[in-house]
Structures are given as C-alpha cells and as structure tokens.
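As written in TrEMBL, here are the features:
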TRANSMEM  12-32  transmembrane segment
TRANSMEM  44-67  transmembrane segment
TRANSMEM  74-99  transmembrane segment
TRANSMEM  188-208  transmembrane segment
Amino acid sequence: MCGSFSFTRNALIGLNIMYMVVAFLLIGVATYGKTASVITSVSILGGIVACGVFLLFIAILGLVGAVKHHQVSLFFYMVVLFLLFIIQFSVACACLAVKGPQRRQLAEFGWRHASNDTKRDAQNHFGCCGFDTTQFNASNPMTDHPACPAVCCPGTTPEECCLVGPACIGCTSCANLITDSMESGLNAGGGIGLFFSFTEFLGVWATVRYRRQRDPRYVKGSFL
C-alpha cells in the first residue's frame, strides 16, 4: 500500500541504489577519461572522483539506514541530503540564469586560472588554440597556453605548435567554442540538477516519514 512502512522502505532503498549507480558512473567516467587521455587535468579528475565517492558514501548511509530502520543513520542521512538539496537547487538555478556576457566572463576567469593540463584538454577537445588569440605570450595568462593540437599547425610537431611562430594558422581561438559549449552545458546541467534536487527533496520527505513509522517486524524498541 502506498505510504505504508514497506512502501516507504522500498522507495528509500531504490532511491539510494540509483544514487550508487550514479556514483559508480562518475568514478567510471573519471577512470575512462584518464585511461583514454581525454582528461589529463588532475584537478578535474580529482573533482569527479570526489563527487562520486561522496555520493557513494551518502547512498550507503541511506541504504543501511533504510534496511535496518536505524534512527541515527537516517537522521544524518536526512540532514546531509537536505543540505545537498539546498546547494544543488541553488546551483541549478544559477546555471539556468547565466546569460551570454556572464558566460564570457566565466570562461575568461576559468581560462586565466586554469592549469596547463586543463587548457590542453580544452584545446584538444575543441581543436583550437589560445583563448582570444592564437598568438602565444607567456607574460599574459590569457595568451599563455600549452602547445596546441597538431591539427592547428600543419608541418610542425606538437611541441613546436604555437610556441615557435607568431600564431597558429590551422585553427581559431577557443573563446567562442568554449562559450557556446558552456551555454549548452549550463542549460543541460541546470535541468539535470533541478531534477536530481527534487529527488533529494523526495528522499528527505520519505526519510522523515520512514523514521516516524513503526517497524511491524518488532513490537518493542522499534520506534523512537
């Protein structure tokens, strides 16, 4: 019956199994990206793995609490999930609210503070060179970038590409490509974030209800 002890318990178990699957996918994506040399930035890899491990920990905590009807585990699970709901809902709304000039500013800020590994990943992915210009100048963080993909500099080695001449001749700068990709990424990320934030709110509501329900398997000591 909908709303019964068994229904709420099974709903929480299913929700946390879904979180575990998502966590393993995040860890798997980071592992694949490193193995295939798609992602070489240590900070990006560490961030993806950290998100996956944290989500896995929360899912295990919720799963144990749901299976055993453990009041303490369910309480901490409920608090952490509610905090995640607030953070994720706020970030998702912010992603959907970012407009064109703001995306450009975010892209400039990210490029200025990114490591060479991160810039190399962006250049290899988009097939571009530099941010605003393909010229190389180590004294300016906006024009300081690693060697570009070989497609940008025909007839040169990757180590020489963009670093021996005034500019690349085989590709454009990355600014427009990055901002266009950010637009689709922010819209998709905001929509997915909103969806998962409401699943987290549903998890909080189900946990509150589940903690207050009496376990029919026990007569004493099952309800605190």
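Start at 1 and count along the chain as shown; that gives each residue its number.
Even glycines carry a Cβ here, placed using N, Cα and C.
Contact between the transmembrane segment (12-32) and the transmembrane segment (74-99) does not hold: fewer than three of their C-beta pairs are under 8 Å, each pair 6 or more apart in sequence. Long-range contacts of the transmembrane segment (44-67) within the same chain: residues 9, 12-13, 15-17, 19-20, 22-27, 29-30, 33-34, 73-74, 76-77, 80-81, 84, 118, 121, 203, 207, 210, each at least 6 residues beyond the stretch ends and with a Cβ under 8 Å from a Cβ of the stretch. For the transmembrane segment (188-208), the list of distant contacts is 8, 11-12, 15-16, 18, 62, 65, 74, 77-78, 81-82, 84-85, 88-89, 91-96: same-chain residues at least six beyond its ends, Cβ to Cβ under 8 Å.
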